[in-house]
Amino acid sequence: MAKKHRLTTVKRKELRQKESEALKQLQERIKDYDAKTCRAVTFQDLPISSGTVKGLKEAAYIKMTDIQRAAIPVALKGHDVLGAAKTGSGKTLAFLVPVLEKLYHERWTELDGLGALVISPTRELAMQIYEVLVKIGKYMSFSAGLVIGGKDVKFEMERVSKINILIGTPGRLLQHMDQSVGLNTSNLQILVLDEADRCLDMGFKKALDAIVSNLPPSRQTLLFSATQSQSLADLARLSLADYKTVGTMDGPSSKNKPATPENLEQFYIQVALPDKLDILFSFIKSHLKSKMIVFLSSSKQVHFVYETFRKMQPGISLMHLHGRQKQTARTETLDKFSRAQHVCLFSTDVVARGIDFPSVDWVIQTDCPEDVDTYIHRAGRSARYGKTGKSLLMLTPQEEDAFLARLKGKLIEPSKLNIKQSKRKSIKPQLQSLLFKDPELKYLAQKAFISYVRSIYIQKDTEVFKFNELPLEEFAASLGLPGAPQVKIKGKKSIEKAKELKNTSRQLLLLAKANDDGEVDSKEKTVRTKYDKMFGRKNQTVLSEHYMNITKTGAADDDAGDFMTIKRTDHELNENDLPQLTLPTSKRGQKKALSKKASLSSKGNPTKFKFDADGVPHPIYELEGEEEFHKKGDVDTQVKEFLSKETEYMARADTEDKQLVKEKRQEKKRKRLEAMRREMEALQDDDDEYDAPTVAYVGTGNLSDDMASGDEPDFAPASPPPRKKLKGRYSESAESPDTGVMEVEEPDTLEDLESLTARLISG
């Protein structure tokens, strides 16, 4: 084998000195760099390391965009950054380059652990960031990892302790912080939030707060998004006190410009809710040579529209993507859509942010977005990196005026399009025929109807989304249904709670129910025979219980007008279960029963008391007199004192609760680490006790004959115990010259085998 060339000690010292000098020069360049005077055009003009420049050049990133030119120098100087720029302006490189440079300046190694954390709201965006990082960090000696839902958690746990740059979604990152023993965030240098406004909203609030509580406050924080939040409460949660606001949307010149790309042509059409699918199908039929994304409000709608349009064959490839799909299917769909030229993708907002699809011609928003920020992110999937693109928004007459006013407030004024009647085609008869033939499609249509109605109900902007004015019967007929299905709508609080649970990791929910040792009580699994499975089998498609509940007829409603309804049919009564109706036989018993009734009736309702320091009882809720109340001051003063007192108490209790939760989490991790250590020690003890060193006795001089006896036992029953080798000049005389037997250890590697062969040949 060819030996690796190793540097001498002197050369190693020289190399380290050169690296130290280059790093000092680079740090001086960063201090002297002024973005206003030094108008950098390419990445090579920036004070960054040669490895980063080389990686950017090989990945074809030469010239900088406006957000990169503004954000990278500020981040290199160690400031916290709040970055905002239009969609498709290159925000990913604006935070990945400072991440690499930060760890390079700190001379980060694998032994230092986690140095940078990048949080993304969606799995697809996290995968895209990871791919870009691998490209530009090719010549840097850092390890990077991706942790997202839908992947093997145990596989990630084994490797997460050796990662320097970790990219992931909030739920999976929090799960690793709670479960992975090797993940240590106490030495974190930089935190990045991509699409920060989405990460800071209610859906990820608890997960993000828990993640930030595990991070050191001395870190550098970078926040990037196309629609940035400057709420003081949100920034305080991330410990952003002294930060710099950068971006193309910051400054006096940008105040009169919209937040959408300049090359994006924006249109809208007024269409009634029952006519939306007709217009959508007609639009797809007239744009067969285009690449388009169609946004719908729920995964059920995406599934229904995809299945029905696929059967009607509009003449273009159709794909669908939503959050309820498996991760492998989502990744495969993203890859196919990126490589396709003429294709239509039906999707929810799971790809509305950050995802870079090449050459998207049209973005169609079939359902009205919940706010202007969502509109900007959806429309931003087209016209990226200076290319042209078009956006089409469908608005109902109830939504038109209010939502256009919201858009005008952000300087966005889409042009109105009129639909040609010759291009319009009704697909309602085809949908009715499909639903009549296929009960599963009918089930999907009912679920799509229910999910759309619920999505309108939970919207906060009631001026745009008018729930009471929805034409439900006409909308159901447009989906091919004979009538509007029953919709059970819970309160908004329960819906928001369900939405919050949707973004929470299932493993984290299980871990929350764990005991102090971190163990989750699992139900004992009973053995099910094939007969149990056969009798307990249910149809999971058409005749499922959920399907029957939705499609049940109105027979039950016919009896609703009856005055009395049957709750239970006639059944036999067990006499043993009936109570005794006889009175007490003795006079004493009768008197006792009567006295109890009399005493209870005279006592009245029970009351509870609390005792003061002197032992005097007082009712729990005791009202003060008017004079006593006014002695303490006026109402406003007392309210302020009470609020300040309670606020101080809640803040103190909140700090104590956070500290307690942190200590419990650390204790759980410590116990798991201790259990792993004991397990490793037990395995080592077993190896020391049973695994004696294997010895091969070579006496023939023919290595192939001696090593071929692999089927024979390793130890002969009468073999002598291994002898200790003698050192010095007596080592040769220790071997017996008469027998010609030489004692050696069994070769483990190829190098050991080569050295053993050379010794045997030399005799």
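A Cβ is built for glycine as well, from the same backbone N, Cα and C atoms used for every other residue.
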Which range is motif 'DEAD box' per Swiss-Prot? Of 194-197, 346-349, 698-701, it is 194-197
Matching 41-69, 360-388, 389-417 to Swiss-Prot annotations, motif 'Q motif' lands on 41-69
Within-chain partners of the motif 'DEAD box' (194-197) [C-beta distance under 8 Å, separation at least 6 from its ends]: 91-92, 95, 118-122, 125, 129, 223-229, 353-354, 373
Restricting to the domain 'Helicase ATP-binding' (72-246), report the mean pLDDT as a whole number. 87
